[in-house]
Amino acid sequence: MEVSTSSMSSKPEQMQNPPPMISSPRFQPQIISPHHHDQHQHLSNPYPTTFVQADTSTFKQVVQMLTGSSTDTTTGKHHEAPSPVNNNNKGSSFSIPPIKKTNSFKLYERRQNNNNMFAKNDLMINTLRLQNSQRLMFTGGNSSHHQSPRFSPRNSSSSENILLSPSMLDFPKLGLNSPVTPLRSNDDPFNKSSPLSLGNSSEEDKAIADKGFYLHPSPVSTPRDSQPLLLPLFPVASPARNS
């Protein structure tokens, strides 16, 4: 019983005089180096794994210290990091060449280009043939086969096939007679008026002046009956009655 009373008497004293709290030092992050038996693996791996022990309050500072840019505490200036292009060129012995893009022509553009090339080639061939034919006509050949200085396709020999392009021909100087003769009012066969048509025109003018209209006679000359014949489409009498 005495022991219990003494313990109870000591409790209020402890409550009145609490023990002083011991302040613990602030936790500092520590970097754990790899073990001795993993040193060979650490040397072979260019990116080793780093284990860090940090407090929750200082974790952000530790991450920034390990991953952030290096700063000089004395001068307060940032060190310039080397450009990644130079590092890549130093580390690798070759560089990737740029990809050359070829111009893709569309189908209709290629067709137009081909047509233009064919037209140019034909024009060049025609000009060469025309020059050669002119040399033969003006300078070459016997005296009996001399052509007139006035060039005309009709005077050229039929054995020579000369291809002439419209751009190379000078039409005013060629003196070509047009195969189509101009039609005059007297020579027009459609304007020839017969005496019957003249009489009809006078009657037509009189009828139009009197009645205001004129009926032309029908040009059909086939004989016709006065009344058209009606075909029996339906039987008039029943077949039973006829039998």
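Cβ atoms are placed via backbone N, Cα and C, with glycine included.
Here Swiss-Prot flags 1-49, 69-98, 138-162, 180-243 as region 'Disordered'. Here Swiss-Prot flags 1-16, 84-98, 191-201 as compositional bias 'Polar residues'. Annotation source Swiss-Prot lists motif 'VQ' at 59-68. Per Swiss-Prot, the feature phosphoserine maps to S83, S95, S148, S152, S165, S167, S178, S218, S221, S238. If you look up Swiss-Prot, you'll see 149-162 marked as compositional bias 'Low complexity'. What Swiss-Prot lists as phosphothreonine is T181, T222 (among others).
Here the motif 'VQ' (59-68) is broken down by DSSP into helix, strand and coil counts: 9 helix, 0 strand, 1 coil.
Secondary structure at S238 (phosphoserine), taken from DSSP and collapsed to helix, strand or coil, is coil.
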